[in-house]
Amino acid sequence: MNSITLLQPDDWHAHLRDGLALKRTVPDLAKQFARAICMPNLVPPVKTVEEALAYRERILAHVPEGNNFDPRMVLYFTDHTSPDEVRKIKESEHVNAIKLYPAGATTNSDNGVSDIRKVYAVIEQLEEHQVPLLLHGEVTHNHVDIFDREKRFLDEVLSPLLKQFPKLKVVLEHITTSDAAHFVLEQDRNVAATITPQHLLFNRNDMLVGGIKPHFYCLPILKRQTHQTTLLEVATSGNPKFFLGTDSAPHAQNAKENACGCAGCYSAPNAIELYAQAFDQVGKLERLEGFASHFGADFYGLPRNTSTITLVKEDNLVPESFDYLDNQKIIPLHAGKTLQWRKV
């Protein structure tokens, strides 16, 4: 197969940041996707529908002319989120979900939920109104090994949560383990998962063997190859529980390449080509459209896109860097390497 045409894909998990960063991040994402779930972990975080709509306007100001990119907004779940905010989400045209970060789990997550039992009143409303709860699925206790944090979250947090709220709509974001894949498969249709390009294409050897490569460092961290293999199997299976979410996370080069570098891979500029490469490597390119363009929209209850994109099989050199912020650079995922697919 030398070319493939798909309904325009959506990104159900992306970080755009705010302020000057939007000049870089919004056009990069808008060239690839029709819609994106825009993460709320700003400083300060996006905690109300009003704040989300104001952030959406700041994003729209950077969408290139002639592009119909539609930012879909999310609220940041805190210990102090009001149950009434769920009703406002349900009534909003542009806000689609609420995101739970365990406090301290990832970038700008200090305001996250400290104990999920504290917010059961809000979760009751989420279940009643069928508003999706998006989960960063890791525990954050210092004594838990970083490679075990996703599995422990499933056992200690998510399993009890779904017993208490069996109809809750849940997206387990950026899954990285066989444990998470099998957990999602075992649940009813109300539980789904997103998968990033880096967790399909790479594993922890790519990050750690032959020198530490900070641009592969993200959270949840890359796992061993056996987990990567399982993620590829479920992503390419045609199962509608699994769909595209890049978790594209911009950090300036100097914030990644230092003694305590930030977590996040910037995949937005070549995201759909990265996914195409992963699907093609296992001979499942015909399954890409469902994963990228159908299943996420279906889960969120939104119409599928009607426009299309075409990918052709030809060498596509990923740039070494892009301009970012004031006189800084950002290094994209797979910088300087050649992909086999190009969006035309």
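For all residues, glycine too, the Cβ spot is worked out from N, Cα and C.
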Listed alongside HIS15, LEU16, ARG17, ASN41, HIS136, LEU219, ALA263 for substrate in Swiss-Prot, from HIS143, HIS227, HIS251, is HIS251
For the Zn(2+) 1 site that Swiss-Prot gives as HIS13, HIS15, ASP247, the extra residue out of LYS99, LYS163, LYS329 is LYS99
Note: Swiss-Prot has LYS99, HIS136 binding Zn(2+) 2, and from HIS62, HIS80, HIS174 that site also includes HIS174
Among the binding-site residues listed as HIS13, HIS15, LYS99, within 10 angstroms of LEU219 (substrate binding site) by C-alpha we get none
HIS15, LEU16, ARG17, ASN41, HIS136, LEU219, HIS251, ALA263 bind substrate per the record; greatest CA separation between any two, in Å, is 19
Cβ density check for HIS174 (Zn(2+) 2 binding site), other Cβ within 10 Å (all protein chains) comes to 26
